[in-house]
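Student: Got a structure for you, written out below as structure tokens; questions coming shortly.
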Amino acid sequence: MALKLNPVTTFPSTRSLNNFSSRSPRTFLMAASTFSSTSTKEAEAKEVTWTTKRGAYASDPFHAPTGSWEIFKSLGRLGLRDVLISHLKPVEKCWQPQDFLPEPESDGFEEQVKELRARAKELPDDYFVVLVGDMITEEALPTYQTMLNTLDGVRDETGASLTPWAIWTRAWTAEENRHGDLLNKYLYLSGRVDMRQIEKTIQYLIGSGMDPKTENNPYLGFIYTSFQERATFISHGNTARLAKDHGDMKLAQICGIIAADEKRHETAYTKIVEKLFEIDPDGTVLALADMMRKKISMPAHLMYDGEDDNLFDNYSSVAQRIGDTAKDYADILEFLVGRWKVDAFTGLSGEGNKAQDFVCGLPARIRKLEERAAGRAKQTSKSVPFSWIFSRELVL
């Protein structure tokens, strides 16, 4: 799952975590929680302080509404099972990376590789930095499956559970796994990038994990994945368009087929949240507002190559400059608010009405902030080296 969005100011929230700005695995997280002889539930409710070399913050768990576990169990048993399964494809009907790559068993393999490399020579360095960043983000798939399995009421309890939620998570992971495989092999064959530096970055990223601030809460978790899959669909679609603009129709096809997968997955996750709004509009709008106040953290925000502590920000800046990133954070939020018809709900609690007003008014507030940030960025452009392209420099 890739996501490259403009930085957004965090709006205050009594439930939000203080901003965690670590970008590098040089920053180690240490859980300093005190567990006594209290029950498991009491221990889980205790405040946990995470200490880093750049500061500390305390977690204040946002609890899902009472009965949410039962809601998710019933969703899995009832109609949502068919909804989830309908957005998966049988393995035998899925494309595989080899469908788009030179055939190693063929006598024409070397010629096919030469043709791929000839097309790749026409692509600029900044495009390859974006493509590499997308691939690295996709390759951190173990982290994303782990995150889904932290969510209460939907996690895979055995590793091979036959609940609808567990089946979905494993099948989603299996489909996503092809994305990193395909882009990795393409980049290897292109000869345009430093594969060892890329491989180091992948290892660092998986080892660092991620903190999406979903706090084991399935409401927050599926709002987060809806946002991320929408961003990923847009990103890969733009990468396909840019490849086409540079004349590489094969690479455009590769990025386009990945984008199509992401669109299916986006649809599935947004339907889950849509169903939550139908069953529990108050709890869901409160969760949406909470997630937006904390802001959506990027899956690869701890990206590091052993050299650049600001690698993710620099990669994101290049993506924004060449037009690969989603236009802004506000576009995705506005799309989801419309998709879920958040402004149409009535009969909410007082807190629910406040959350509804906050979420519906947020895109306009974000755009104003982003316009100011874009103006400042134009005045402070600089060049930085990227190890992925043999330390050649690019303008941010």
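From the backbone N, Cα and C atoms, a Cβ is placed for every residue, glycine too.
Computed from a predicted structure; not experimentally measured.
Just lifted these from Swiss-Prot, have a look:
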- E138, E176, H179, E262: Fe cation 1 binding site (BINDING)
- E176, E229, E262, H265: Fe cation 2 binding site (BINDING)
- 1-32: transit peptide (TRANSIT)
Student: So which one is it: of the binding-site residues H179, H265, which has the fewest other Cβ atoms within 10 Å?
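Tutor: Ranked by other Cβ atoms within 10 Å, the binding-site residues H179, H265 bottom out at H265.
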Student: Test of understanding: give the count of other CB atoms lying within 10 angstroms of the CB of E138 (Fe cation 1 binding site).
Tutor: 27
Student: Measure from the Cα of E229 (Fe cation 2 binding site) to the Cα of every one of the binding-site residues E138, E176, H179, E262, then give the nearest.
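Tutor: In terms of Cα distance, E229 (Fe cation 2 binding site) lies closest to E262.
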Student: So among E138, E176, H179, all listed as binding-site residues, which is physically nearest to H265 (Fe cation 2 binding site)? Use the C-alpha atoms.
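Tutor: Comparing Cα positions, the closest of these binding-site residues turns out to be E176.
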